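Down below is the structure, laid out as structure tokens.
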């Protein structure tokens, strides 16, 4: 795997989105990984619908939080519409997937990255954007302005984001708090730092979608 990678430079990352005030980070993280693999496989970068997951993926809890695996499974089973077709409303509503027209993006499966294993995660990110979790509760994270973040934070995670690259000393994470947060909506978080769970628990629960050629 390369020493560093930034999927933004490869055109596989849509502009930073904003989930607020809804607790829908899980949908944004999942969708960003699917936008990424879809671009890698098809050559097209298409902004996809978080709102569809919020409204239609019933195993998660809408604006009260959700999960990486059921949301990925939803897209395996149903596909996901584009952002344009099913735009974000900042709140959970009735599932309108059946009423929507236009193309959908599908994935064929998803895979779990071995937990608390830096090299496995780096190898995964070298291939595509990956859904990861962090502890975002601390003021340092909430009000992060730039640089390589080392904490303070715990490893009890509460927030899903998307790893879209790495360097020698950091992971590059796409957040869903709008472009005015952090480094234009991104955070660089310190790699390894002697904690097997990673800085802010970033190595504890990571998934990526698999997409065949369809």
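Cβ coordinates come from backbone N, Cα and C, glycine included.
Quick caveat, the model's predicted, so the values are computed rather than measured.
Features of the protein shown, as given by Swiss-Prot:
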- 22-63: disulfide bond (DISULFID)
- 25: active site (ACT_SITE)
- 25: E64 binding site (BINDING)
- 56-95: disulfide bond (DISULFID)
- 153-200: disulfide bond (DISULFID)
- 159: active site (ACT_SITE)
- 175: active site (ACT_SITE)
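A straight line from the CA of residue 63 (disulfide bond) to the CA of residue 159 (active site) spans 12 Å. Close to residue 159 (active site) in the fold, though at least 6 residues off in sequence, lie 25, 133, 134, 135, 136, each with a CB less than 8 Å from its CB.
The disulfide-bonded residues listed here are 63, 153; among them, 153 has the most other Cβ atoms within 10 Å of its own Cβ. According to DSSP, residue 200 (disulfide bond) is assigned to a helical segment. Residue 200 (disulfide bond) sits 34 Å from residue 95 (disulfide bond), counting Cα to Cα. Non-local contacts of residue 22 (disulfide bond) by the CB criterion (under 8 A, 6+ apart in sequence, same chain) comprise 54, 62, 63, 90, 91, 92.
A 10 Å cutoff on Cβ-Cβ distances gives residue 25 (active site) a total of 24 other Cβ atoms nearby, all chains included.
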